[in-house]
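J.: The feature D-ribulose 5-phosphate binding site is assigned by Swiss-Prot to Arg37, Glu38, Asp42, Arg150, Arg151, Gly152, His153, Thr154, Glu174. Residues or ranges marked as Mg(2+) 1 binding site in Swiss-Prot: Glu38. Here Swiss-Prot flags Glu38, His153 as Mg(2+) 2 binding site, drawing on sequence analysis. The site 'Essential for catalytic activity' annotation in Swiss-Prot covers His136, Glu174 and rests on sequence analysis.
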Amino acid sequence: MNQSLLAPYGNPIERVNAALSALRQGKGVLVVDDEDRENEGDLIYSAETLTNQQMALLIRECSGIVCLCLTDERIKQLQLPPMVSDNNSQYGTAFTVSIEAKQGVTTGVSAADRVTTIKAAIADDAKPDDLARPGHVYPLRARPGGVLERRGHTEGTVDLMKLAGLQPFGVLCEVTLPDGTMARLPEIVEFAQQHDMPVLTIEDIVAYRNTQ
């Protein structure tokens, strides 16, 4: 990881604290993983505070595959089975079947419809019957141990929400460039400056949790 690009955002603990403050204010944060892993940056919002405008930004500036990071408990509450029985993806990303709210949506594709689906899935009294399957929102199951168990964006997202005192559910999407290629750290930092968002790494979250 090119730490010089991250230096303006402080040390690892300061970067996490800045992200937690932004999330509590309903803002987005950018989380990058290691250069020898996916080497990608994800734009992350709290599912609890997510707005239609923020979803529109995710769809417009990112890959379009908007994922909802959920705890194992919530996955079980919603009875969401894994997308495949034998997950042989490179990093073991734990996709479940995709979902759509049964009420309050049209085709399910618009920013507003996707937000409606996410709010239905994270409601305290959410039931399996509240959701149609498949749909246009892609749930991801976070490992119970968070980034200390798996150093992925899914776990980093849920860990950040817990550390911020929010519901343990977050929304992520990979930042892409106008030509469709993946944004790397220099472009992530530029994106952060344009949108006034903090930047941090998965390793920062690991370091922060190890101080708890």
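Keep in mind that glycine also has a Cβ here, set from the backbone N, Cα and C atoms.
Can you tell me where each of these features sits in the structure?
T.: Cβ neighbours within 10 Å of His153 (D-ribulose 5-phosphate binding site), excluding its own Cβ and spanning all shown chains: 29.
Under DSSP, His153 (D-ribulose 5-phosphate binding site) is assigned to a helix (H, G or I) in the three-state scheme.
In the three-state DSSP classification, His136 (site 'Essential for catalytic activity') falls within a strand. Neighbour density for His136 (site 'Essential for catalytic activity'): within 10 A of its CB lie 18 other CB atoms from the protein chains shown.
In sequence order, Glu40, Gly41, Asp42, Leu43, Cys62, Ser63, Ile65, Met182, Ala183 are the residues of the chain that are 6 or more apart from Glu174 (D-ribulose 5-phosphate binding site) and have a CB within less than 8 Å of its CB.
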J.: Give the distance between the Cα atoms of Arg151 (D-ribulose 5-phosphate binding site) and His136 (site 'Essential for catalytic activity'), rounded to the nearest whole Å.
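T.: Counting only the Cα atoms, the answer is 26 Å.
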J.: Using a 10 Å radius around its CB, how many other CB atoms surround Asp42 (D-ribulose 5-phosphate binding site)?
T.: 30
J.: May I ask for the distance between His153 (D-ribulose 5-phosphate binding site) and His136 (site 'Essential for catalytic activity'), taken between their Cα atoms and rounded to an integer number of Å?
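T.: It is 20 Å, counting Cα to Cα.
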